[in-house]
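Engineer: What follows is a structure written as structure tokens; I'll ask about it next.
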Amino acid sequence: MAKVLYEKDIQDGVLKNKKIAVIGYGSQGHAHAMNLRDSGYDVVVGLRPGKSQEKAEEDGFNVLSVAEASSQADVVMVLLPDEMQPKVYEESIKDNLEQGNALVFAHGFNIHFTQVVPPANVDVFLVAPKGPGHLVRRTFEEGAGVPALYGVHQDYTGEAKDVALAYSKGIGAARAGVLETSFQEETETDLFGEQAVLCGGVTSLIKAGFETLTDAGYQPEVAYFECLHEMKLIVDLLYEGGLENMRYSISDTAQWGDFVSGQRVVDDQTKERMKSILDDIQTGSFAKGWILENQAGRPQFNAINRRENRHPIETVGRELRELMPFVKQPINAKKKDVNVHVPN
């Protein structure tokens, strides 16, 4: 059984006199920077000019270029999208690291797949909150926190684990519990969860259910409610108390259907395909494909994204959500094509 550490288990003195540079001010970046500052740490934010810089300055931070922030800091937390990190590291961080500094990530992708290769004379660790940035910030302000994983890739100073734990405590994660992992485990399990279950698996299941009902002549609006809209009700029950809580809360008819039909949808062949997905992740095949896709300007990514946004379930969903004012509207209901922009 994995050991979970809490605030009482962590000594944070090792981080108290260090300056922390948070590179990036998006969902995780703003939460880490604000929580660390509220915990009493000296925080500087590294960004290029733009809206994020304006927001960070409005929030009271000293905002510098990535290079300047990295050169001033003892601990450099990189909270940029995976695909941006290698170039930013090479151009703005690498030459500004000093002996004994700590290079930190919230996801192990670029270290594990050697897209970022740090010098041998720095510590390298990860602190990965298991929740979005807005939740990391909100729970911190409420006196709670979001659990996190931490792991050490390189321990030059002999203090990497202690600094990682202190950082976890600083962002509020130790209030909820921190669990030790490795860069390999965090990266491979995170990618698998996204692809096979949380994102790829769920979206494909929802679309297949919707298409099955509409192909059989049922109204698209009804199919939307049954296969997508009600998903939140079930997920909330799972989140609160696992499978048992969900099954306790639904009708006996629904539970019996779960027992006899669920295994017909996800069977041994599905599990074999999941193993194939995991193998692609473990061998680096997925990472290689994603890296090459970005280098080519994301032609497949953008084409698939446009096609998915035109799926009938999206059209029906947008129309129905306009009739439901109680449903929080998305910030960007129609995702635009994505190109990689690198900060200075």
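In case you wondered, yes, glycine gets a Cβ from its N, Cα and C as well.
Quick paste from Swiss-Prot:
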ACT_SITE  H107  active site
BINDING   Y25, G26, S27, Q28, R48, S52, D82, E83, M84, Q85, G133  NADP(+) binding site
BINDING   D190, E226, E230  Mg(2+) 2 binding site
BINDING   D190, E194  Mg(2+) 1 binding site
BINDING   S251  substrate binding site
DOMAIN    2-181  domain 'KARI N-terminal Rossmann'
DOMAIN    182-327  domain 'KARI C-terminal knotted'
Engineer: If you measure from the CA of D190 (Mg(2+) 2 binding site) out to 10 Å, which binding-site residues from the list S27, R48, S251 are inside that radius?
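Structural biologist: The binding-site residues passing the 10 Å Cα test: none.
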Engineer: At a 10 Å cut-off from the C-beta of D82 (NADP(+) binding site), count the other C-beta atoms across all protein chains.
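Structural biologist: A 10 Å sphere around the Cβ of D82 (NADP(+) binding site) contains 20 other Cβ atoms.
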Engineer: Cβ neighbours within 10 Å, counted over all protein chains: which one of the binding-site residues S27, S251 has the most?
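Structural biologist: The most densely surrounded of these binding-site residues is S27.
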Engineer: Taking only same-chain residues 6+ apart in sequence, whose CB is under 8 Å from that of G133 (NADP(+) binding site), what do you get?
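Structural biologist: Correct list: G26, S27, Q28, G29, H30, A31, H32.
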Engineer: Whole-number answer please: how many Å between the C-alpha atoms of E226 (Mg(2+) 2 binding site) and S251 (substrate binding site)?
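Structural biologist: Between the alpha carbons of E226 (Mg(2+) 2 binding site) and S251 (substrate binding site) there are 15 Å.
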Engineer: What is the interatomic distance between the Cα atoms of M84 (NADP(+) binding site) and the residue listed as 'active site', given in whole Å?
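Structural biologist: For M84 (NADP(+) binding site) versus the residue listed as 'active site', the Cα atoms are 13 Å apart.
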Engineer: Using Cβ-Cβ distances, find the residues under 8 Å from H107 (active site) that belong to the same chain and are at least 6 apart in sequence, listing them in sequence order.
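Structural biologist: Spatial neighbours, sequence-distant, of H107 (active site): D82, L126, A128, E186, T187, D190.
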Engineer: Is it possible to get the count of other C-beta atoms within 10 angstroms of the C-beta of R48 (NADP(+) binding site)?
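Structural biologist: Other Cβ atoms found within 10 Å: 15.
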Engineer: Are there any residues in the same chain, six or more apart in sequence, whose C-beta is under 8 angstroms from the C-beta of E194 (Mg(2+) 1 binding site), and if so which?
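Structural biologist: E194 (Mg(2+) 1 binding site) has long-range Cβ partners G200.
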Engineer: Counting across all protein chains present, how many other Cβ atoms fall within 10 Å of the Cβ of E226 (Mg(2+) 2 binding site)?
Structural biologist: 14
Engineer: Drop a 10 Å sphere on every Cβ of the binding-site residues D190, E230 and tell me which sphere holds the fewest other Cβ atoms.
Structural biologist: E230
Engineer: Nearest to the residue listed as 'substrate binding site' by Cα distance: which of the binding-site residues Y25, R48, E230 is it?
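Structural biologist: Nearest candidate: E230.
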Engineer: Relative to the Cβ of Y25 (NADP(+) binding site), which residues of the same chain, six or more apart in sequence, are found under 8 Å away?
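Structural biologist: Long-range Cβ contacts: A33, V45, L47, S52, Q53, K55, A56.
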Engineer: Within the domain 'KARI C-terminal knotted' (182-327), count helix residues (DSSP H, G, I), strand residues (E, B) and coil residues, in that order.
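Structural biologist: Counts, helix then strand then coil: 123 helix, 0 strand, 23 coil.
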